[in-house]
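Below: one structure, written as structure tokens.
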Amino acid sequence: MRVLTVNPGSSSLKLAVVDGGVVSAADHVAEWDGATRDELDDFAAAQPPVDAVSVRIVHGGRRRAPVVLDEDVLADLQRLVPLAPVHQPRSLTLARHARNLPAAVPVVGCFDTAFHADLPAHAATYALPRRWRDHYGLRRYGFHGLSLAHATRRTAEVLGRPLERLRLVCCHLGAGASVTAVVGGASVDTSMGFTPLEGVAMATRCGSIDPGIPLYLVREHGLAPSDVESALNVDSGLAGLSGTSGDIREVRRARARGDPDAALALDVYLHRLRREIAAQAVSTVEPDAVVLTGGVAEHQPELRAELFAESLLGVEVDADRNRGTGDRLISAQSSRTAAVLVTCQEELELARSGESVLADPPTHAPTSSPAIGRSIR
Ligand SMILES: Nc1ncnc2c1ncn2[C@@H]1O[C@H](COP(=O)(O)OP(=O)(O)O)[C@@H](O)[C@H]1O
Ligand SMILES: CC(=O)OP(=O)(O)O
Ligand SMILES: [Mg+2]
């Protein structure tokens, strides 16, 4: 089966054709504006006919499996826009557009949240009033699930051990970043939450902050909630700290020039990441390996070495293994915990999901949580 995969991220648009599990064509728009559909039109027109289109949709609510997108499903997913305000509109714009491509093939929605659908209650539940949790559907959803499905499968192959027997701390470090504890292939805890804003500091997102801060800004200083939301999503993280850019390459260059703000930005980024890795390690009980994937992890050997410089979890990075790219063990033989680098290939997971849903369509499409249906319109 040949699948056209569409992966809108917060900073980029990644398009590919996956033919029998192998990428046969790809296009990467590194700075996508989130709205233009020309790239998808041009890419689709240049490819031989496909059997399906698979679209990465960041928020699927309580859905645990991919689904063929029709108007009802799209309307249900539209209600989740407030739960992923940067990503969900991008995904839905392209999903709707894909349904109108001349190819006229089924369009499958594949959800970042599905990987975390079985999070244990103690990890999924916020310490908030029960009436809020019930009425507003407040819970940890978790994201980056397509990346995690691929990275965990590949890690088992790299380590030569069955995934069912592995305890992993998986770091997806792209424009968005998250850390997930995976035991036996299942997500048991994760740093992102109700929205993709929680957790570690990211390119332009703040990650976890004291919830008193936005309340203080709105109540005492009269900031509009929409301005606060925008600042936390697009003006914070590395960009907000460094005052330059959310692109870690630029921040590292500024630090090399002696810029103190850039130095602080990287210190905060790494401190928050180390702390989250340690926290997720506790959720695995004791990890066999730390997995690194995503654009930042893949292209930054110095950052990988810096992350583990003080022997976090006993990881010893091997300088030779850490050079270059490709799926590999980067830790030394003597390392207490292994470290594995995996190239992020969400397109392979998108294609697998598309193939699986077309081969075995569900008898009825599950909707997002009833609480979300009730409260978010
Ligand atoms: N060649 C590179 N060298 C160093 N860092 C890179 C390179 N390419 C991408 N990055 C980093 O990866 C980030 C994007 O990662 P990616 O996983 O593609 O993001 P997303 O999928 O969230 O859009 C960029 O912001 C940049 O910091
Ligand atoms: C969920 C998320 O943060 O995705 P991305 O890394 O593509 O922004
Ligand atoms: Mg991405």
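Cβ coordinates are placed from backbone N, Cα and C, and glycine is handled just like the others.
Mapped onto three states, the DSSP output places R56 (substrate binding site) in strand. Annotation source TrEMBL lists substrate binding site at R56.
What TrEMBL records for D112 is active site, proton donor/acceptor. For D112 (active site, proton donor/acceptor), the same-chain residues lying six or more positions away in sequence with a CB closer than 8 A to its CB are R56, I57, V58, H59, G60, G142, F143, H144, G145, L146.
Summarising the environment of H144 (site 'Transition state stabilizer'), the number of other Cβ atoms within 10 Å of its Cβ, over all protein chains shown, is 32. The site 'Transition state stabilizer' feature in TrEMBL is assigned to H144 (among others).
Positions annotated as ATP binding site by TrEMBL: H172, L173, G174, A175, G176, D247, I248, R249. The secondary structure of G174 (ATP binding site), as reduced to three states from DSSP, is coil rather than helix or strand. Using a 10 Å Cβ-Cβ cutoff, G174 (ATP binding site) registers 22 neighbours.
Its Cβ placed at the centre, R205 (site 'Transition state stabilizer') has 28 other Cβ atoms within 10 Å. Residues annotated as site 'Transition state stabilizer' in TrEMBL: R205 (among others).
Neighbour count (other Cβ atoms within 10 Å of the Cβ, all protein chains): 28 for E346 (Mg(2+) binding site). Among the features that TrEMBL reports, Mg(2+) binding site is placed at E346.
The region 'Disordered' annotation in TrEMBL covers 353-377.
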Residues near I248 (ATP binding site) in space but at least six apart in sequence (CB under 8 A): A203, L238, L266, Y269, V296, Q300, L303
Chain-internal residues near H172 (ATP binding site), provided their CB is under 8 angstroms and they sit 6+ positions away: H144, S147, L148, A151, S178, V179, T180, T293, G294, A297, C344
In sequence order, those recorded positions of R56, H172, G174, R205 whose CB lies under 6 Å from ligand 3: G174
Cβ neighbour count within 10 Å of G176 (ATP binding site): 28
Residue among binding-site residues R56, R249 with least C-beta crowding, 10 angstrom cut-off: R249
Residue with minimal Cβ packing [other Cβ atoms within 10 Å] among the binding-site residues L173, A175: A175
Recorded positions close to ligand 1 - of R56, D112, H144, H172, E346, only those whose C-beta is under 6 Å away: none
